[in-house]
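A.B. asks: From Swiss-Prot, for reference:
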- 15-138: region 'Acyltransferase' (REGION)
- His36: active site (ACT_SITE)
- 233-646: region 'AMP-binding' (REGION)
- 258-277: transmembrane segment (TRANSMEM)
- 409-433: transmembrane segment (TRANSMEM)
Amino acid sequence: MIHTLLRWVFQRLYRIRIEGDSSQFQQSKLLITPNHVSFLDGVLLALFLPIKPVFAVYSSISDRWFMRWLKPYIDFVPLDPTKPLAIKGLIKVIERGQPVVVFPEGRISVTGSLMKVYSGAAFVAAKSGATIIPVRIDGIELSPFGRLAGVFKRRCLPQVTITYLPPTTLPMPEASSARARRALAGERLHQIMMKARMETRPQHTLYQAFLAARSRYGRHSASIADISFNEDSYQGLLKKSLGVSRILQRFTRADEHVGMLLPNATITAASILGASLRNRIPAMLNYTAGAKGLQSAMKAAGIKTIVTSRQFLEKGKLTDLPKQVSEANWVYLEDLKDTVTLKDKLWILFHLLFPARAMLPQKPDDAAIVLFTSGSEGNPKGVVHSHDSLLANVEQIRTVADFTPGDRFMSALPLFHAFGLTVGLLTPLITGARVFLYPSPLHYRIVPELVYDQNCTVLFGTSTFLGNYARFAHPYDFARLRYVVAGAEKLSETTRQVWQDKFGIRILEGYGVTECAPVVAINVPMATKIHSVGLLLPEMESRLITVPGITRGGRLQLRGPNIMKGYLRVENPGVLETPAAENAEGELQQGWYDTGDIVELDERGFCTIIGRVKRFAKLAGEMVSLESVEQLAVKVSPEAQHAASAKSDSSKGEALVLFTTDSQITRDVLLAQARSSGVPELAVPRDIRYVKALPLLGSGKPDFVTLRQMAEEPNSEQSVIEPSIVKQPITNASEPSA
């Protein structure tokens, strides 16, 4: 009677929604592993699970007065965390055929993300051979019974969803000791729970996800700022997005790829959202690529209209671009101000009140954005991502990293770069964190000052950029940083060490590719292995394909929700080439993406990058990693920059060429280091060329196409070059008034 009454009351108060197959609970041995987000989780499960389970409760809780009241209605087993043998009692309960509920996190989440997962629950599952049913509880964390005060906007009676995920098992892992087996089992249960979170994520478009964040964190919550130092709330960003969308639709049509040539600024974020909500597909153009690069991108993606700013072109010394790319219809944001009519203003006002009505019909799987590869190995390709692939990557990041509305992101990587777009814009917007957009990662003195001034807690960049920030930063500039993430190139040991010594900060290395939106793997405080790029993100499948001549690792292929829809190539304009890769048997399989990277995966799943397939040289039949050549040079001269390439050789097929900014490096010095490091003499280049600076792409990565061309040239003074990267100005695009 009491059970029925309470169930009715909770159903009315919280509008409980049950999802999933309830018949799967009819198992002989069952372990239920829910996430833990509020003090009501146990009560909700006791009332709404289709079975009557036994709850594992810490003795510190089971001895409380309120548990005596609940004992007649809820079966529970006291669990003393100070006595490891106590979990044997749970195993006996399961073996008797009684279903058991264990909260693997052991405590209520204070971040909104998964907390640490204890290995006890995993050991129980593995030892008993029980079927695991993950359960997700969503919504109740927003109530006063959650522990997210100051993190999320509180609601008295939020809607609650309880989701039953498909059953799984957890065999006892093989390891050298019982302690290691238990630890591995705990890690695998953590992966099961992360997968459960991914499977229950909302299916939204970019604009819908933005509106959901606006509702969740409060429309007047500060969300974004730029070099103008004017901070916009979610409502302010919505207003600008509606203004851009209203005017942009005059120059474009639905489903059109619209070029965006804009700096890191609030108006760029508004332009992306504004185009997206009216079913236009932003194509993020690289303003460091020059006229030829823009024309290649336009041809590949069928771009006819380019949205930009006169102020940006002027300060960036790019005013000749419109003349050089005259085939495009150039739309200047400054010119839009005078075209806003009373009808436009009324339309914007109406949709500020009813923002969901502004969006044209779209599906999460529809194309959302076009990014372009860096072109480090050839012509840039257009990479088409859906709303779902971008938001899946954001959710993968949120699942492993505890970003909250209390965080502040410093975003200096360009938004035309996948790393800058997803991690530097979409993740903070969806997470409720504030983001400061800065137009250039190359201002090595200014960026640290802004990190300090804006109280930033999250910074990301390439190894090169982070190393230069460390050179010019005051030791206190980075005092508030809690996440510093390096990606896009291998993290140098020098950069890692200087951050540790000067700031006491551990850089977390990650790995990503544009085709994966882009994050694939990342080290986080909960799971870190030095010299690796971390664990693959949840919901990502991987396989390694053997490459002839390469003995370490294999060619990494990936499949998951964050994989692109396909390529747009200059050679086949406007035609979407869906991802596909050959498996070990040579069969072409759709949905798999071949990264072209040689990696190793250890028994825990940590990923170590060996190099790219295209960055191996074949010398007299032997495969030599160009990255290993660069690492050899780094050991000899850690302060300089080095890049290895290959050139044609009539006797060996190929020969190594080392480009370095250290004029004192000689082959004898490299040979001595190679002998002490156990590196074969074959990997020591004979052709060593001094350059003032390496040619770089807009992302900060070395321009290997240019380096290969230079390698084929005779070793002369012509190889002394300046960087090819465009020096980006401190500028902020003008905004149309709405």
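Cβ atoms here come from the backbone N, Cα and C positions, even for glycine.
Can you tell me where each of these features sits in the structure?
C.D. replies: The number of other CB atoms found within 10 A of the CB of His36 (active site), across every protein chain shown, is 20.
Sequence-distant contacts of the transmembrane segment (258-277) (same chain, at least 6 residues past either end, Cβ-Cβ under 8 Å): 205-207, 210, 224-228, 230, 232, 237, 240-246, 248, 252, 283-285, 287, 294, 297-298, 301, 303, 305-309, 312, 316, 321, 328, 333, 358-360, 368-369, 387, 411-412, 414-416, 420, 424-425, 429, 437-440, 728, 731-735.
Remote same-chain partners of the transmembrane segment (409-433), defined as residues 6 or more beyond its termini with a Cβ less than 8 Å from a stretch Cβ, comprise 152, 206, 209-210, 213, 216-217, 221, 223-224, 260, 262-264, 268-269, 272, 284-287, 369, 371-372, 374, 383, 390-391, 393-394, 397-398, 403, 439-441, 443, 447, 450-451, 454, 456-462, 465, 485, 487-488, 512-514, 517-519, 698-700, 728.
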A.B. asks: For a three-state summary based on DSSP, what are the helix, strand and coil counts in the region 'Acyltransferase' (15-138)?
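C.D. replies: Grouping H, G, I as helix and E, B as strand yields 44 helix, 29 strand, 51 coil.
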